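The structure under discussion appears below in the form of C-alpha cells.
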Amino acid sequence: MIVLEKRPQPSQAWSLATPIVAVLATMFFGGLLFAALGKNPVESIMTIFWEPLFGEFSFYYRPQLLVKGAPLVLIAIGLSLGFKAGIWNIGAEGQYIMGAIVGAGVGLAFYPLEAWYIFPLMVIGGALGGWAWAMIPAFLKVRFGTNEILVSLMLVYVAEQMLASVSLGLLKNPEGFGFPGSRNFQSYASAYNAELIEGSGMHWGVVAALIAVIFAYVLLNRHMLGFHIRLTGEAPRAARFAGVNPARLILFCLGLAGALAGLAGLFEVSGPSGQITIDFNVGYGFTAIIVAFLGRLHPVGILLAGSLMALTYIGGEIAQSELGLPAAAIQVFQGMLLFFLLAFDLLTNYRLRLALKEVA
Amino acid sequence: MDLSEINPVLLIASLMVAATPLLLAAIGELVVEKAGVLNLGVEGMMIIGAICGFAITVETGSTLFGFVAAAVGGAVLSLLFVLLTQVALANQVASGLALTLFGLGLSALMGQSYVGVKPPSTPELNIPWLSDLPVVGPILFSHDLVLYFGIGLIAVVWAVLKYTRLGLILRAVGENHDAAHALGYKVIRIRVLAIMFGGACAGLGGAYISLVRVPQWTEGMTAGIGWIALALVVFASWKPWRVLLGAYLFGGITVLQLNLQAAGVAIPVEYLAMSPYIITILVLVILSADKSGAPASLGRIFHASH
C-alpha cells in the first residue's frame, strides 16, 4: 500500500521538475486524445511543438510566438502575485477587455490628429481601464469581505457586454459601412502599436512583458512588499503578526494584475488585432491562469510557460489547418496541462512511500 | 415599448424554467460545501452535462436517458476534481478552475457535430383537469418533470441534512474534519461521494439548459450560470430552501430582462444582458457580511497526518 508522507520542506527538485513532467504527460495523453480523434498522434504533437519553431514556415511563425506570448506573460505576471498571496483574481479576461476599450477609446478620441503623445496616453488609458475594473472586486473585498473570485468572474461577462455595446455604438467606425467594430488602428499611425523591428513580431507589448518579468522578479526577491506577498500566501497568521496590512495587499495585487491585463488588452487592440470588435478577446485572460501555474508563480517560470503556451496556440492553429484537428482539441490540451501540473505537484510536498497497512 | 405585452402568468412559469438549472447546480454545490469542499468547477461540470445530455438525447431519442447521461457525465468529470483535491491534495481553488477550463474545452470538442441539431422535446406534465386551470395551471401543473425533480431534490437535501445521521456526519466532516476523522468517519470517502453528487447535480442542470431551456447546443452555452450557482450558495448561506428562493430570484431577473428586451424598452440590449451578473455582485456584497453559515473546514485540505 502506498502512503503519502508530508515532506518537512517542499522539495526543490520536484518543484522544478513538475512542470516538465506535466508537459510530457500532457503530450502523451494529448497524443492519445488526438489518436482517438483519428489523427496520427506523433504527427500532431510534432506539428504543435516542432513546426512553429523549426518547420518550413517557421520564419512566419516565430514572430507570432512573441505576439501571442506577450499578453499571456503580461497577464500571468499580474495574476501570479495575487495567487502567491492567496488573492484569486480570475477575471483577467474582463480587465483585458476594459483596458482595450479605454485605451482604444483614448486613441480614437484624438482621431485624426497625428501627435507623438497619443500612443503613450493610450497606454496609460489601457492600464487605468484594467486597473479600475480590477479595483471593483478589490474594493468590495476590502470593504465588505465579498468573495473576489466570484465578483471578478462576473465582471468578465459584464465586460463582454460592454465590448459588444461599444463596438456597436460608442466606438463604432463611422465610415465602416454599418459593420460593427471600431476604426482600424493600422491606418492611424500615431495610435498604431507597430512592430519595433520589421518582421520580428516585437511590439511594445513584448517590451512591456519583459519589463513586467524583471519588475516582478525584483519585487519578489528584493523588496519588502514582495516578501509580504509571499509571507501572506505561505503563513497568513504569521503575516498578520508581522504587521502586514491585508487590505493594502489586496488592493495592490488586484490593482496591479488589472493594470497589466489592461495593458495587454491595449497592446493587442492597437497592434496585432487592430480594432475593437465584438469578439476581439480570445481568452488570454483565462489561459494566463494556466501560464501562471505552469510557471510556478515565478517570473522567469512564467516567461517560459508563456512561450510554451504561445507555442501550443500557434502549433494548434497549424494543426487545425494542416491536419484538420478541431480548435477545441487544443483547448482540451491546454486544460490537461493544468490538470497534470496540479496532480504532479503532490510530489513537491509529499513523499510516496510503500508501507504495510497498519492496524488503526 | 409596450410593457402590457408581458404576461405575468407566463413570466412566472418561465421564471421557474430559467431558475431550474441554477437550482440544480446550486443544491449540488451546497452539499459539496457542507462536506467542506469548495468545488469551483461547477461551470465545467454543467457544460459537460449539457453536451452529454444533449448528445445522448439526440442519439437515443429519450430525454430520460439524456438526463441520466448528463448526471453521469457531470459525476465523472467531478472525479477528476476528486483525483486532484482528495488524492493529490492539490489546492481546491486552482483545481476547480482547471476543471472549468478543461470542461469548457472538452464539451466544445464533444459537441462539434451537434451544433444546429434540434433535440426531441422534453415531455411535460399534463394532468387533465389541473393543467387547464387558469393562472394556477401554467404555473404549477404544466412543467417538465425535471423541474419538479429539482424542487423535490431541495426538500430531500434539506431533510437529509437536518434529520438523518448521514446528514449529521456530512456536516461534521465539513465543520471539523480532524474531529470527524478522530471519531472514525471516513473523511475522504464522504467528501468523494459529496463531490460526485455535486457533479451529477451540475450535470443535470447543464442538460436542463441544453434540452429544455434553450433547447439546442452551442459552445459555452452555460454562460456563467455555474458561477452564479456558486454565488447562490453563499446567498443562501448554506441553507437548502434559501437556494430555492435565490434561484427563483435570479431566474426572475433573467426572464424579466429577456422580456424587457423583447418589449423594446429604451435600455440597450447589452445593459439588460449584463444585469443578472451585476445583480449577483450586488447580492454578494449585501450578504457577504454574514459568513456564519459557512462550514468551518471549507476549502481546507485534509490529510490524516496533519
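Easy rule for this one: first residue shown is 1, then count along the chain.
Even glycines carry a Cβ here, placed using N, Cα and C.
Remember, predicted model here, so these are calculated numbers, not experimental data.
Here is what TrEMBL says about this protein:
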TRANSMEM  A:12-37  transmembrane segment
TRANSMEM  A:65-83  transmembrane segment
TRANSMEM  A:95-111  transmembrane segment
TRANSMEM  A:117-140  transmembrane segment
TRANSMEM  A:149-171  transmembrane segment
TRANSMEM  A:202-220  transmembrane segment
TRANSMEM  A:249-267  transmembrane segment
TRANSMEM  A:273-294  transmembrane segment
TRANSMEM  A:301-319  transmembrane segment
TRANSMEM  A:325-347  transmembrane segment
Seg_contact(the transmembrane segment (A:202-220), the transmembrane segment (A:325-347)) with at least 3 CB pairs under 8 angstroms, min sep 6
no
Is the transmembrane segment (A:325-347) packed against any residues at least 6 beyond its ends, judged by a Cβ distance under 8 Å, and which are they?
4, 11, 14, 18-19, 21-23, 25-26, 29-30, 33-34, 37, 39, 44, 48, 287, 289-290, 293-294, 309, 312-313, 316, 319
Selection from A:95-111, A:273-294, A:301-319, the stretch that has most Cβ pairs under 8 A to the transmembrane segment (A:65-83)
A:301-319
With pairs closer than 6 in sequence left out, are the transmembrane segment (A:12-37) and the transmembrane segment (A:149-171) joined by 3 or more CB pairs under 8 Å?
no
May I ask for the residues of the chain that lie six or more residues beyond the transmembrane segment (A:12-37) and have a Cβ under 8 Å from a Cβ within it?
44-45, 49, 294-296, 301, 305, 308, 325-326, 329, 332-333, 336-337, 340-341, 343-345, 347-348
Can you work out which residues elsewhere in the same chain, 6+ from the ends of the transmembrane segment (A:95-111), have a Cβ less than 8 Å from its Cβ atoms?
71, 75, 118-119, 121-134, 156, 159-160, 162-163, 166, 170-171, 182-183, 185, 188, 190-191, 257-259, 261-266, 268-270, 275-276, 280-281, 284-285
